[in-house]
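Feature annotations, reproduced from TrEMBL:
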DOMAIN    38-171  domain 'P5B-type ATPase N-terminal'
TRANSMEM  49-67  transmembrane segment
TRANSMEM  224-246  transmembrane segment
TRANSMEM  252-272  transmembrane segment
DOMAIN    297-403  domain 'P-type ATPase A'
TRANSMEM  420-437  transmembrane segment
TRANSMEM  449-476  transmembrane segment
């Protein structure tokens, strides 16, 4: 490829008056962080197109074959580089790790926002064609395009192209391509609530559908004929056709028949496997249902658009879009995304003037593909959620895109295979020259010279190589199936024997999913400064009025599912160790807690507190939950004890995180010593802290999380035990004996990392060190 087509640096768009800005023909985009992506503008020339087709016909279609192998050649032959303003197609060059390049050619499409004829033809006439609502606000007059950088584009016509199922919009003012984003980009939480307060009218809703498309995640499934043609036109099989033609002219009939049979078997098995994989993926991914919008209207799920307000049923449903929870609470199973079937409680998005951030507000977002087990709103009002993203823009859509467009596998085996073929080709050229010279010297006929020369090429480059490789992989896959190992990518079989490093997740992979309670280490306030006292193996023996025990019983996101407790295994074990009860009243008692019905926890036995010389039963109402966030390494709740006028905050998390949030005079002086002693033995250590807030519930709703989780009082440590799976020790030992480097990938703080490393040998015989990958730079997967 010429230097003009190599990736160029990002064009600076500092001045709109610059000629480079107004007439640029190259730009760096960032739709996938794993790739360096550069897009170029091209425009077809009619005389070039006619000339290319004419030459291809005159040469029996041979150029078409090369254009099929390398579509960029056809682009270079029929089009010229130009600025994006007049381009009709783009070339996207993706570079992965500065080694592997991928090329994509896309047509630029002009779209009118108001022209929704395509949607009307898909069966939406009954829903949109007959409704002509009044324009009640200025928002009904236009439909802005939300762009990835947080800006909006208010236009009636725009240009775009689709790359890997994503829309890239041309911003004519800034002269650059920007990815189309959901309505949550660049807005505050309060603005999302305001948007949901008035759902779009029918006409505006149709325009939004025209911009974002139908709420579908379609997986392309190619026909058998298409797959056969694509396989047959593979360069290896084209070479085989050439080889068979040469041998038939010799004639080598028996070997030709053998090659034909092997090639047919290889093509058939490859096509069948590809077809099964495509159909299996489509059956797994595609889903459709009828959903209810706020106001009682029911529409097909594919008709959902960003801005719609859903009314979630009390008994749950399967989410087919990404939505922000506006009111109430929901218990969700996110196993489709995380792989762990643990109920997660989602709370309403706070109505605050703070920019919406998907990572920060994950606890208020319902993701596409997840199962809503049940919803809860007090006073029997519906639980509402506003649609943020649809189709391939959702979290499920991103997951499917990663399957359809995987990261290039730069296997050394493949590179060596191509080098091997190139070396054989060079040997064949030498043999070709020698054969032609020798046969010419012997005065043989031209036909005999050509046949013998081509015969040298067919012998040096093995024609049965692709068929033999296919048969070998199928045989290996069959052996793996007997060992109950499924391989979706048969190409990976070739390199599996050369692996020298294997990486594992910890929870649920090396260890059991659940945790066991070992005990607690409360802070002893009898001494000054405070220290961590003796461990208490049974938390039930703590006084019910002990702050540490109240924190263990209330700082969680557990909920009742059909009368049984459900939630995170760690929260469940911690709560059960206190032997308290959890209740979720069905009848409002707002006077007790000055809020909508909270979750109430209380001791099983009789326990009272003294309030104004009265004995009041010990009941703790959880009035606000701040879900666990991996970047914060903590979770907290605000509670109110029955009869008290103040709120109490209980916060749990990584000891080193809570140390920074607690008042220094409350942090035990022997914290590091005690923490290291338990962590090195393989225990998981969690710190607990508290504070008192003299605010009302309404004032609490206006406070930021950072304002709540400060000036805490350190209460003590909760010690959990995470047991290894029975097969972990033997498998890791077997891998290490084979000189395979074993790595545990997780994201934890220092103390928890020590406990994870220690748990691999605690209560088991030593199996050697297990390395944690790049902890300091946090270049590792997050442990759920």
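Indices start at 1 and increase along the chain as displayed.
The backbone N, Cα and C atoms fix where each Cβ goes, glycine too.
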*Residue distribution over DSSP helix, strand and coil in the domain 'P5B-type ATPase N-terminal' (38-171)*: 45 helix, 48 strand, 41 coil
_Sequence-remote partners of the transmembrane segment (224-246) [C-beta within less than 8 Å, at least six residues beyond its ends]_ = 65, 68-69, 256, 259-260, 263, 267, 270-271, 274-275, 451, 454-455, 458, 461, 463, 465-466
*asked:* Same chain only, please: residues at least 6 beyond the ends of the transmembrane segment (420-437) with a C-beta under 8 Å from a C-beta of the stretch. Say none if there are none.
replied: 449, 452-453, 456-457, 460-462
*Report the mean pLDDT of the predicted model across the domain 'P-type ATPase A' (297-403), rounded to a whole number.*
85
